[in-house]
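Here TrEMBL flags B:8-261 as domain 'Glycoside hydrolase family 65 N-terminal'. Summarising the annotation, TrEMBL assigns domain 'Glycoside hydrolase family 65 central catalytic' to B:318-679. If you look up TrEMBL, you'll see B:Trp352, B:Asp353, B:Lys591, B:Gln592 marked as substrate binding site. The active site, proton donor annotation in TrEMBL covers B:Glu480. Annotated coiled coil per TrEMBL: B:509-539, in sequence order. The domain 'Glycoside hydrolase family 65 C-terminal' annotation in TrEMBL covers B:688-748.
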Number of protein chains: 2
Amino acid sequence: MLNWSIVKENFDKENFMLNETLFHLANGYLGVRDSFEEDFRGKLKTVRGIYINGFYETEDIQYGEKLYGYAEYSQSILNITDVQTILLNIDGEEFSILQGKIKKFKNELNLKEGYVKREILWKSNSGKELKIDIKRIVSFTREELFIIQYNITPLNFSGEIEITSLIDGNVSNITASDDPRIGTANAKHLDVVKCEVKENIGIIENKTKHSNMSVITSCIHEVNKKNQLNIEKEHDKINFKFSLEVKENEKVEFVKYSVFTDSLRYENNYTENLKILNEVIKNGKEFYIEAQKVYLNEFWKTSDIIIDGDEKLQEGLRYNLYQLLQSVGKDMYTNIAAKGISGEGYEGHYFWDTDIYILPFFMFTNSFLAKNLLMYRYNTLEKARNRAKMMGHKKGALYPWRTINGDECSAFFPAGTAQYHINTDIAYSFIQYYLITEDKEFMQNYGAEVLFETARVMFDIGHFNREGKFVINDVTGPDEYTCIVNNNYYTNIMAKYLFENTKLAWEILKENKEQFKKLKNKIEINEEEIKEFERAKENMYLPFDEKLHIHPQDDSFLNKKVWDFKNTPKENYPLLLHYHPLTLYRYQVCKQADTILAHFLREEETTLDIIKNDFEYYEKITTHDSSLSTCIFSIMASRLRLKEKAYDYFINNARLDLDDLHHNTKNGIHTAAMGGSWMGVVFGFVGMRIKNNNLHFNPLLPDNINKIKFKINFKHRELEIILNKEKLDIKLISGDKIDVYIDNNKTTIE
Amino acid sequence: MLNWSIVKENFDKENFMLNETLFHLANGYLGVRDSFEEDFRGKLKTVRGIYINGFYETEDIQYGEKLYGYAEYSQSILNITDVQTILLNIDGEEFSILQGKIKKFKNELNLKEGYVKREILWKSNSGKELKIDIKRIVSFTREELFIIQYNITPLNFSGEIEITSLIDGNVSNITASDDPRIGTANAKHLDVVKCEVKENIGIIENKTKHSNMSVITSCIHEVNKKNQLNIEKEHDKINFKFSLEVKENEKVEFVKYSVFTDSLRYENNYTENLKILNEVIKNGKEFYIEAQKVYLNEFWKTSDIIIDGDEKLQEGLRYNLYQLLQSVGKDMYTNIAAKGISGEGYEGHYFWDTDIYILPFFMFTNSFLAKNLLMYRYNTLEKARNRAKMMGHKKGALYPWRTINGDECSAFFPAGTAQYHINTDIAYSFIQYYLITEDKEFMQNYGAEVLFETARVMFDIGHFNREGKFVINDVTGPDEYTCIVNNNYYTNIMAKYLFENTKLAWEILKENKEQFKKLKNKIEINEEEIKEFERAKENMYLPFDEKLHIHPQDDSFLNKKVWDFKNTPKENYPLLLHYHPLTLYRYQVCKQADTILAHFLREEETTLDIIKNDFEYYEKITTHDSSLSTCIFSIMASRLRLKEKAYDYFINNARLDLDDLHHNTKNGIHTAAMGGSWMGVVFGFVGMRIKNNNLHFNPLLPDNINKIKFKINFKHRELEIILNKEKLDIKLISGDKIDVYIDNNKTTIE
């Protein structure tokens, strides 16, 4: 089944880094780029990387001019001990895909079984032929575990071979001082503090220089043939050399188990590591291969979207959903990084991408994982409170624009901290979670506090102007091509929604008297303050232009010249890499959906006519230089019944990484766009929305799709939704009957 | 005469750095802080510094997130080889003002003779008494020369003393990572590449690591008594030890000559240095002491302001004018740094301070020095053209916000490069220079080109909006507490003036056909473009609020809340050190005069009633956290006949450094405020303006001043202006008769 596998049958030497990303394996904790077992460093462009989500180094951020309240230190996800290297020597000739003759090559990512496989038929320069099958698993059920199964079959000879397996603690991050989307700090972050061999187990401990974290990497090997093992230990690496006799057409099975434990999760990560490794050896590789299948079977059962009639789209979509599962942090320390655990782009940071682009998928298909993501935000609330104080707010919380551990580490505040909408985005996801799950307890224990504290800061940055309208000045909206503006439509709309829902949270909180009292005391909030929020909501100023009948992105947006797109050469995109920010600020030009995103999230705030005007207006001036853009334009094109446009934007987004449309997938996948592709189907083609607490559908099936089928959870029901050329069909799989609205017609699903 | 000397008779150990600044000596090229001859390092807070104007090190600016077009490298004025140390050992006891008993202490800066003197009566712990007189000169007539004359008279003993004089190449800059007004780069910039002794001359060569500059420092000594010299040379320092017999009441005269030459000015600075040193020895110290008097006599003849009746003010004012002379670069490589050559604050950078605050003084009193400052701007025009290209402008020039060599080195563009008004400020000074001197040739050869090129960029950042008005978006005005705004009143007014005067320049240029043709070809400018500037001028949008009848600082200024001054503790000023920029941006709060400055420079643009409204409005919300503020408020208070206010603001400004009112004079003097104090008298109290090509006066003498007297040059005339309680008297000292206007009444001065 092609659609369950991503397959490449030619080895593209020039774009190896892209392949490393596309075929990387991860499980929310551990991420391994597909850098192959041969060591290509110095031979082709490679980022040979293994990462742990939430495991980072800090460094003082250097500023040419440092002002009060600037983020103090960076946080960078770390490339940890390399275990990918396995070298194969056949009588003096070393196997490498870069030499000899490749008679067959196949790289496969299997989405159903959760492995990456590489199959090669290779003929050495001296004429020796081998079949090499390599299979890798990063286990979903034992998150510290990475297995390489390296099978060798000599096809036309017998003799001696040598397999050298390496554990290498001498690792670095990459740097790219010209691209602000990649870290610019120093590259060598980890010291090797332990390097030892115990009962043929190789163990290396890496320690950070500043953040006081360590990671233990252990490796052990299995070979299905008699062999002679020779171990060479240096101060920061260990070589395991296996010599063995092979016979023509007899398969050698070589297995390398690697276990990674960090000091963030385990107080004694050395002991825990070896305990896990022992358990792994006892269970054996088949156990994990089987468990992987079971785990993924469960995942696809609830989360798959079937697209009938468009294979490329089906492939892109499944790939994306699989990557979201690979990327999502499953413990309290982690969230979803902008690049997942697939590379070093954006330094492994968490942005609003999670809250606005990715959480909908998990909230509707797997509330357990969604809850964990929200808990990460709750757990960093105290840091957000401290940040708010630093930013001059007497109370409330301000979430960081980009972070790993909850502290702000945006080094350019006009496109970072100034994006106060992060507060509203996070609050929005807590509200949505409540609407989808009806989980009052979660709202009482966590959500309400987040809503109140974020609302306080949004209230504090605004004020009632001379006309009595509530205005919010000097913020940056989602579109980073215009920074520090007044009354960004998106920010104001989202703040309004947040203010509105503090009342909902307040009422729900009241139902639990004890918790109500506790929280009131803890953050000193009272009914008066909720009323103030209400007043701000009632009087929220929303920019509107009477002439053009559109919502300007902010107060002064329409006073600017439109960017000269005609005379902008194609190679000057993305614009941020070719123009000074001030140049961009001075024009009507958008990096991404901003007002259009506001319309998607809060359609209730305006009319469909105006949305149409806005869509037409902003479409002309949006470059989609951000990967967060086309999915929103696709959804809103669907909403406006622009069938072809909706499809075009969608396919652009759904295959963004697979087809490397932004030319930077080599630095990692684009998780927000992946979440956006789920939204493009569910909120776009199927037109699903929550309105007045009910599910609404307003479907528009693109012409070259025959059928869309997926499941969602909503208010304790599991529903299956099938859209085909004729109609939208909704089936109740479990739970009580429920009323939904299809094209505004009420229907009872039972 | 107290008013010609600044005297301190008590040694303030706690504020030594302040003293080092206040009593520093400079001559536009070389600056020496008054760090004393004893070495206090490690004993009290000191910045032991010697600097050369325009001599700097570069380093890559580090950005946490670097975007396109960011300034690439820093430029930092360098603390060069230390020659200040002279140690005096009397039979095992070392003289230091920090020990023994001080029976008399006097530190004096003589403004008429241009020296700093220190007189001490000192009793050692064992009871030996000495009179020590130390006189220092940084020569105005031989700019590479610094002389220390160290006189010792034993008062109650005879015996052996040892004088150790040091040349120390091991020098560093200071750093202060918490204060954006001081450099944050690494401190150790200079390597010692030569350290030698030749015929008792000590020579050290220091080289920068990146900017490829070097400085040669040579020292030689004279002693009026037989002595034994012992020279100890290390790799980076040289000790000259003089042993001699002294007799009770016989004065020992010890003289140390130091000569500094840099590779910026001299191709072979080693040879040149020794040539100069030889010349110095031949001439002897008295020659330079005498020349210094003559030089200063000439200066005061044209530049003094006599204030009768207010000694503190007279002292402050003379001190300021003297410092301006000390600070002003007198060759093509240099300008006037924000801190002169007195310290490391603002890294020795040149800002708009020169063009708007300091040039008026020189233009009206010493056009030769003024011309040199303008030529510095002309000489860096090519760099400004390159910068404009980098900033996305197809033609024109954009001057750097802060620089030494003409390249932008502002590391925070919202309060740096975004201040496009720098272009209009520089153009303004070229226009004023023409109006004052009628120097058509200078306009034809230099001014016109600067005007056209700066106007082009101002034209490019604006556009005609939907109503046909010319608007300028996304710039920062002088007030840095509100960054990246639209239609900053100051910027628009100044751009308008620039556009207007391109026409004047065009007409003057036409008078020289050859130069007209040359420049037309060089920068491809034509009449059409001048007409476009004219159109922008005619349609310039100037924000005005109909309700309050004031000019808002920018489009959205009045939509912000007024800062809560009542609840801002005194210690939270200056605000920039206690609040995040975004917090400041969000309120109506001004660091300095912005709209008020626009009114001062371009009163013609509005009515006096509105200016009064503005004054009252902005006065309430201006913190004067910038040292460029009170002088402007003083001038405009005079203009509005607010006599007391004018005086209060003025005295605040005139003694800003002498009384350390901003608590940071330790890092250097405030040259802009000093220029502002000249303006406060001439443009403020005396109310002088150029209007329609004529001089106008609108005097208002403060109550506690009896008389103000000063000279100016205007259109080839030298005028003496005397304002007393009764009247304003203007005398023609040289040149043809001229019409001036006193309180709008035409008077012929002949």
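In case you wondered, yes, glycine gets a Cβ from its N, Cα and C as well.
Unlike curated entries, TrEMBL annotations are predicted automatically.
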I'd like the per-state residue tally for the domain 'Glycoside hydrolase family 65 C-terminal' (B:688-748) from DSSP, helix first, then strand, then coil.
0 helix, 39 strand, 22 coil
Among B:Asp353, B:Glu480 [recorded positions], residue with fewest other Cβ within 10 Å:
B:Glu480
Provide the number of Cβ atoms within 10 Å of the Cβ of B:Lys591 (substrate binding site), excluding the reference atom itself.
22
Using Cβ-Cβ distances, find the residues under 8 Å from B:Trp352 (substrate binding site) that belong to the same chain and are at least 6 apart in sequence, listing them in sequence order.
B:Trp401, B:Gln419, B:His421, B:Ile422, B:Asp425, B:Ile426, B:Pro478
In this predicted model, what is the average pLDDT of the domain 'Glycoside hydrolase family 65 N-terminal' (B:8-261)?
94
From the centroid of the CB atoms of B:Trp352, B:Asp353, B:Lys591, B:Gln592, the recorded substrate site, which same-chain residues not already listed sit within 8 A by their CB, in sequence order?
B:Phe351, B:Pro478, B:Glu480, B:Ser626, B:Ser627, B:Leu628, B:Ser629, B:Ala672
For the residue listed as 'active site, proton donor', which of these binding-site residues sit within 10 Å, Cα to Cα: B:Asp353, B:Lys591, B:Gln592?
B:Lys591, B:Gln592
Would you mind checking how many other C-beta atoms are within 10 angstroms of the C-beta on B:Gln592 (substrate binding site)?
23
Largest CA-to-CA spread of substrate binders B:Trp352, B:Asp353, B:Lys591, B:Gln592, angstrom:
16
Kindly assign B:Asp353 (substrate binding site) to one of the three DSSP-derived states: helix, strand or coil.
helix
